[in-house]
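What TrEMBL says about this protein:
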| type | residues | note |
| --- | --- | --- |
| COMPBIAS | 61-71 | compositional bias 'Low complexity' |
| COMPBIAS | 82-117 | compositional bias 'Low complexity' |
| COMPBIAS | 879-915 | compositional bias 'Polar residues' |
| COMPBIAS | 933-946 | compositional bias 'Polar residues' |
| DOMAIN | 505-568 | domain 'MucBP' |
| DOMAIN | 576-640 | domain 'MucBP' |
| DOMAIN | 648-716 | domain 'Mucin binding' |
| DOMAIN | 734-826 | domain 'Mub B2-like' |
| REGION | 61-117 | region 'Disordered' |
| REGION | 871-915 | region 'Disordered' |
| REGION | 929-957 | region 'Disordered' |
| TRANSMEM | 25-45 | transmembrane segment |
| TRANSMEM | 976-994 | transmembrane segment |
Amino acid sequence: MRLTKLQKIQTITQQNRHQQFKRTWVTTLVLLGCSIGIGTGLWTLPATAATVNPPTTTLQTAAATSTGASGPRSPVSGTPRSVSVASAPASLADSVTPTSTVSSAAAAPTSSSSATSRASVGFTAPTIVVTAPGSSFGTTPVSAAPDSQTSSVASTASATSTTSAATSTASQVQAAASIAALPDSTVVTFGDAGIQAAVAGDLGVTGPVTLGAIRNFSGPFLNIGTTKPLAVTGTLAGMQYLQALPASATIQFWTTYAKPNVDLTPLENDEFSQLSLQMYDMAQANLQPLTLIDPSAITSLQLVGSITGDMRDYQNNADGMTNAQLAELGPWLTNIDNTSIGANLNFNLSNNSLTDFSPLSGFANDALFVALGQRVNDAAKPVNLVVGQPAVFTALPLVGMNGESLTSHYQATLSGSPTQSSLAVHPAEPDLTSLGNGRFQIATAYPTIPNANWFAYGLRGYYDFTSADQFATNFIQLTYPSGVNFQYDVMVYQPANWLPAPELNVRYVDATTQQAIQPANLIRGTTIGSTYDLAPQTKIAGYVFDPQQSSPTTGTYTQDPQALTLTFSRQPAGGITVSYETTAGQKLAPDTVLSGTVGQPYQSQPLTITGYTYQRVATTSLPASGTLPLAAGTVTYLYTANQLTRIVRYVDVTTNQVLTVDQVTGPYMGTTTLDVTPTITKYTAAGYRVVTNGVPAAAAFDDPAPTVTYQVALAHQLKTLTATTPNLPANVVLTAQATRTIRYQSTDGTALVAPTVQTVAFTRQAVRDQVTGNVTYGSWVVGSPSNFMAVTSPDIRGYRADRAVVPASEPLNMPTVMPDVTVTYTVVVPATSAGSAVAPETSAAMSAVNPATSSAGSAAPVSTSAISTAPSTAATGVPSPNMSTTSTLSGTTPQSVAASAGQAATSESQSQRQVQATVPINYQRGAVRPAVSQHTNQTKSNTTAPLQRRPKVGKPARRALTRATGLPQTGEHPTVTALIGVLMLALITVLAHVKRSWKRIF
């Protein structure tokens, strides 16, 4: 946003500098190409070309007088324009001398008007032609005289435009035809040496400029003053011959004029792409010839009221282009916008005196329209201003391009800070306050400079411009629907009547003759808004003050002086004062005075006074009617205050019922009060809260209405209850849980292990009505977890579960008791080596006996079959006690194992002994234990004693023990060879099982 504003400021600054020629890379390439082309052409010209003397015709030009409208030119690429005519008009033919030498007709301006003097630095005091009025009392204020010079010039320009309109078209056609008939050798002399040099330079000629050089110009633009605006000191005579340029070429014309008496008619038939006229006192110039210039090729137009590139004329040119001149140019400017084929169309009317842009309402295409630094002297009726006091004024209307009002955009004033004696520094510009409808207020008004008879207001523009954010306030910037970007600022100077203090002009007249009794009196106050009292001015000997025919004797001082008249009558009678009072003596209305001569009848009437009722005339009073006595008297009307009723309704807005109605009575303007605090306290203690209290805190009886009803709105208090709220009522339930029970049983319904009970917690809130005690519950909110988690069925030796995992439930949304889940276990019967089966109970009984200890606590012989039938610990995840990767028990040597095996079962088959040597290994939860063999033995016969205690479960040995039966146990560390041996042992075991299964099948 800030970058955008800075770019806008840069755009306006470039427009204000009036620097048109912008060297972009495209321009550089074009200039380079043109330079190469011109250089090549000059290099190839024959050396004798410079010595040829062609027949010449010299044009001794004066200011052209044609004001006709030019017809459209047909664009013929690369060929000069030509018009076939029989003869030239006499006025032009007289100026043609076929063989005469070139002479310049640069006439000096003859206008008596002179350029306004511009200060080089600081602030330039404006010059406003205003007859400063004296006091507005006893004299007639003289309104500001209009700028007669501007008016006369404007009227002259209007008259010139009117008289020339009838003949302009014919004159232009004849002039164009005459120029077309002239030979190429015709020498053209321009009325200004600067223009002469610029044209010759751009045509590339070093001698006289001829029509042939103009007609054969090969460039796209003929540049005059493009690098720096050309200061024209002569006339524009000769510019009319540039209409002979080829149709493909246009003129870029940038010039300045120190005086406004330039004749613009030579520009009428020329075709411009860029036209810039910077002119002092443009209000005095005749701009009508510009309307006869072809608008279709113009892409840049500047009509600027300054010839400097600095800020000297910014908001300081009171004689710039006027609204009347803009209205005259409006159709032409609109045609430029509507018909121009160029891109980046822009208009610059800065440093002029414009406030009404409605003549440009026909703009329909994208364009940049800049009118910055405007200065207007508004010759309106002077505004009365009091030094150092607030000042209100009606501003000069500002009108936009669509006819809309822009008056509300006025921003600041030059007349709002203490008067400064030096003009070297630009005055401060405090803000204005908009009052609406075009009215503004200056907080404290001061003359900008000593003895000023004006005040100024407008937009700050570039003054005090320090931040890009000020762009939106210091300027008016609008983008219209047509795409026109309008940028504007102005400073308006208006006549002012500066007063040292607010004033009253008091006149004293006779009621009968209306003649002055004594000279008028000028009374000055202190500040605007302060009060005055003229009671002392009503005492004149021999007269009685007549308030009925007089201005009010009290009031406030205002910005404008006030003319007051006090009327007096001769005193034949004392007069009667009519008073309106209460029985307690309180005055209810201003007194009325009845005057006249003695014996003159009088009639008084009681007044209708709001809130009071007339009762009677006081006993000490004169009668209400009668004749005037010599001595002054009083008629007193007595009133009593009306009795008023005030009703207070206490409403339960929860149930929409009226709880209580209180009624209080009291006199109008009495001291009776309405105290609702006790009643409200009672209801709040009962559980209510106050929603609104419409009862006024005081002055309930200051309203004269007989009956007024007030309302106190009460609502039930609602208390939110949570599970953590202390002292919850017994009947309030805010927590609950959902339950799922998983039971583990055999096929006959016998419970095998304790059931698993899962719960999910729920909470909720409740709201309790503190008045009724009713409780309203909220929805249940599930805790975490929000569902029953999945449960793995436990392993039970000898059984197989019908499901390995009880799945998780869906998330729950309310507490409920779920149906029990039953996991059914089926008995698993393992096969023996002889094909018989051992019941699960036997296996369980065997697992309950410690195979390593006897009833006496000593080591008992353990058979190989006992080892093979040791229970698995997979269900609990605890490794079998004292088990290693071999089939021997921890703490027993291989020899003892073999011996006990022989004592326990001498009939053990070779296959059983083979199983002892090849016990498969199970790995479960990081523990190593022997797998259960499919072979079982006669455990009961081998058991020598019942189980005395459960064996202590220990971790499996971390060392691998040597399997050899004839060798003692060794603590060898695992090696790669040992690992390979273990893997081969496992593979042999698997192959043995496969072989065994294969035999069963076949």
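We number each residue from 1, going along the chain as drawn.
Using N, Cα and C of the backbone, Cβ positions are placed for all residues, glycine too.
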Mind checking how the domain 'MucBP' (505-568) divides into helix, strand and coil residues in DSSP?
7 helix, 31 strand, 26 coil
Highest-contact recorded stretch vs the domain 'Mucin binding' (648-716), from 505-568, 576-640, 734-826, CB pairs under 8 Å:
734-826
What is the three-state DSSP composition of the domain 'MucBP' (576-640), stated as helix, strand and coil residue counts?
0 helix, 35 strand, 30 coil
Could you tell me the mean pLDDT over the domain 'Mub B2-like' (734-826), as a whole number?
92
